[in-house]
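Okay, so here's the structure we're looking at.
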Amino acid sequence: MVGAMGTHPMSTNVVPREKWSLKSLFYSQFDSPTIEKKYNLNYLRKTYPPSHRLLVVILISHALINSLEIFLFKSISEKKNIIHLSILTISICLNILSLIIINRLKNRILSNIISIICLCPLTILSCLYPEECHIYLLIILIYSLANFSVLLSILISISITVIITALTLNSKICLVLLLITNIFGIYLNRLVDITMRSAYNQLCKNANVRGTLLSEHTLISKMIDSLMPRKYARVIMEDFDVFRERVQNVNISRQGEDELQMATFRPLHIERMENVSILFADIVGFTLMSSNKSASQLVSLLSDLYGRFDDLCVQMSCEKIATLGDCYYCVSGCPEPQEDHAKACVLMGLAMINAIEEFDQDNNEEVDMRVGVHSGSVNCGIVGTKKFKFDIFSNDVTLANKMESTGKPSYVHITEATHLLLKQDEFQFEEGPPYTSSNKVLIKTYFVAKRHLSHRITRKPPHMTLATAAAVAVASGVSVGVSLNETNDIPNQSETTPVTSPLLEEVAQARRATICEEEFPQDLENLVNVENVNETTFENEEKELVMAFNILTLKYKDDKLEKGFSAHVGSHSLLILEVILSILSLLFIYIYFPKKNFVSIIMGIIIGIKLILTLILIRFHRILLHWWILRHFIASFYLLSPLIIILIQISKYDDTTSPAFIVFISTYLILGASVSHLIKILIAILSISIYLPLFIYKQEMPKSSILDISICIFISLIVLYGITRQVEVARRSQYHVGHKSSEQQHEIEKERARADWLLRNILPEHVIEPLRLRGGSYSRNHPCVGVLFASLINFHVMYEEQYEGGKFYARILNEFYGDIEELFLNPRFSKIEKIKTIGATFMAASGLQADSNDQNSLGEFLFCFIQCKRYFNTINTLESVCDLVDFALAFQSTMHRFNEALLNFAFEIRMGLNFGPVTAGVIGTTNLSYDIWGDTVNVASRMDSTGEQGRIQVPEHVALALEDKYKFDLRGKINVKGKNFMTTYFLKAI
């Protein structure tokens, strides 16, 4: 009882409020007929048999003990004893027979009939011998272990009570004890039924959680597939906690412990792969194509083209690495080895040339492809901690890039290393110009001409891709507020009609089935697939429950679970109900015994103490009930209080104390639902050891009467054990199911945290919501965006593949990028986005979070650019650009600190910065990626490539716009590819 006097911190999550509705207090039923039917079937298979077996054990024990008494201490020849013995024998036979039938029942009415038949002999004995104590045991068994509904239990019990009262006209006072027994029986019936339904309710939830977890894992798998090869998925997910701890350490280091920032190495997943081929492909004519397109049109075209390339990658067994603006590159033989990697890459290149021709036909464009392929070795893996991606780098990757840049449209430019791996009769080769490498080695090259096909090899990819769908689903969060597939009310950004993705439906269902107390639907029938959960799921769940606790002591085998259950207490409503029942029982016992002033005073004192103690416990339950011993000590006081009244009356009213004591043992001690059944048995044994000697000592009674009373008390003890055991099994099952649900909910939250983390390492924060609302597409024109390129110009000097194949230097680069990316944790730089890393070049941008509507015409795009220039001198307009400049300076400072940790080497940085209008968008089919395009990006890249070591180079308009806040040195006019001569400046360090 006292166990119900407070709430443990985890109880809110472990045992949630019930979400079915009770049609009435006496007719509990799930709203869903299907769920109710499943519950009844499960009840007949799983709950009824063990409960009925316990009833049978008690009834057979009762019959055997009474039979043994007749054989040993009474005359068998007496008619009364013969009838008594015959009834007991029939009871044993009927109960044994019922054990054979119960496992085959499929109807609850039949189970009620069997229970009635098993109780009939005890009912007859109660009517034949109303002066004995059979009646009290019978009534409490009807309400508890007979498994009747509460209405049927009340009907049967009242009928028997009326009959017994009529048969004992001279003992109307026994009606008080019968009334107590009925009241406690109703309470016990409701407690057990609601507890079992609560456990089943939670079991239904758990079955759905399994499906939810599967959907979450599927979702994450799709997202990881769009980011990196599956080979790296497991280790990356393990790094989730490492990265989170690293962020916490960085936050601590800002408070004064700088050494924590470099205390440990970050995770590195790099491996050396030999015998691979690398392909680089560049769109020829991209600048012209993009010059007259709006943001949505350009992103749509790129998504179309890159979607075709993605499909070809899968067909050709190649692994897409990334897109760099209008450059697309992939690899074969990595991360999984492949014998014909060179052939796969060349076929991929030829297919890309054919695919872009089909793209031109479908979209009325005039672009071409220039492809370069080289075979050799690479270091592949994951680099960085923010916006990381699967990447490859090595000297051979650089050479493959050079093959592309020195190639020609509609041809695949290959090195001699690749040529040697190809069969001469499979392709038509023509010799190309030799290429001189950085170490002055002359490399022969070849061209492979495009194929002339009579059939199409690509199709226009769907608007909604699996990768995009995964991102949209995670972006939707727990509650899918907008239908992910209904985009009719949203302006479409391309001519392609959105299509439904099965993944979206799957994820939407999983998200709707989330087991969360605040979000769970009121009606279980609303749960997705809850009515279709197969029985195997429930069997697996219940097998785990059976194995969870010891069959004798009922203690959980898991010590942690047992500790949690011991600390778990019930609700205040249950406390109040049990206190009311306790006080009510005291009042009835007071009425039962003849009135004495002394007894009245004791009664008033006990009730007063109970009320005061209850109020104190309600107010200070967290403090007082924290200790297990104190909690059970208080419970013992509540449970033993009626015994005090009984013991006071024992000397003068011996003929009435024994029925009251039997009711106390068999009925009253069932209170305290959260108290261990073993504690209650211990209290009962202690009470018996006090009452029985006093009863025998105070009164001189025949041995037969003492024996009869002792047997009744002993049977009452057996009944108490059976009932309290059933209640505790139900409570422990409910707690275990709830605890398991809490663990699964925690796992779901963890999986979603990982999914969100992954998503934010694929897409910027500000892209996620618009991506969801637009049904999986995103493109924006931003009028004023700052773009930064920063290159480690001497990394190639450090990089040496003779030592660990270059893996050691990859770790250094990973650590350097990690230090730079931790700058984003600074609130000043929180709105700066890392776009990508390209080898030893870091690209970032600012101003992408600013709200801007998509511009659907070139005129509107130019208007934004003019508006941006008009306000160049307004510093508020350029706040994001200033943040990027400060970030660039912090970038340099971080590099200097990093250099202090390097031995005999120091990185040298070269940076270029620009701002202006850009186009941003999400593209990709198998690899989802966010990128920005435009002349602003190209100029920023040129500012880097034409800059000087240790300096930040900017074009003239940047220097003029920021001259009030920063100092610049004029560099003069320099030749910039695609721009002729430009006047540039160097930013002065502050």
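Every residue gets a Cβ built from N, Cα and C, even glycine.
It should be emphasised that the depicted structure is a prediction, and the values quoted were computed from it without experimental measurement.
Features of the protein shown, as given by TrEMBL:
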type     : residues : note
TRANSMEM : 54-73    : transmembrane segment
TRANSMEM : 85-103   : transmembrane segment
TRANSMEM : 109-129  : transmembrane segment
TRANSMEM : 136-163  : transmembrane segment
TRANSMEM : 169-188  : transmembrane segment
DOMAIN   : 277-404  : domain 'Guanylate cyclase'
TRANSMEM : 573-592  : transmembrane segment
TRANSMEM : 598-618  : transmembrane segment
TRANSMEM : 630-650  : transmembrane segment
TRANSMEM : 662-694  : transmembrane segment
TRANSMEM : 706-724  : transmembrane segment
DOMAIN   : 786-944  : domain 'Guanylate cyclase'
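Here the transmembrane segment (136-163) sits against the transmembrane segment (109-129); at least 3 CB pairs are under 8 Å, leaving out pairs fewer than 6 apart in sequence. Same-chain residues lying 6 or more positions outside the transmembrane segment (630-650) and placing a CB less than 8 Å from one of its CB atoms are 1-3, 5, 569, 578-579, 582, 585-586, 589-590, 593, 598-599, 602-603, 606, 609-610, 613, 617, 624, 656-657, 660-661, 664, 668-669, 671-672, 675-676, 679-680, 683, 687, 690-691, 694-695, 698. Counting Cβ pairs closer than 8 Å and at least 6 residues apart in sequence, the transmembrane segment (109-129) and the transmembrane segment (662-694) reach fewer than three and form no contact. By the Cβ criterion (distance under 8 Å, sequence gap of 6 or more), the transmembrane segment (706-724) is not counted as touching the transmembrane segment (85-103), fewer than 3 such pairs being found. Across the domain 'Guanylate cyclase' (277-404), DSSP assigns 60 helix, 41 strand, 27 coil. Regional average pLDDT for the domain 'Guanylate cyclase' (277-404) in the model is 87.
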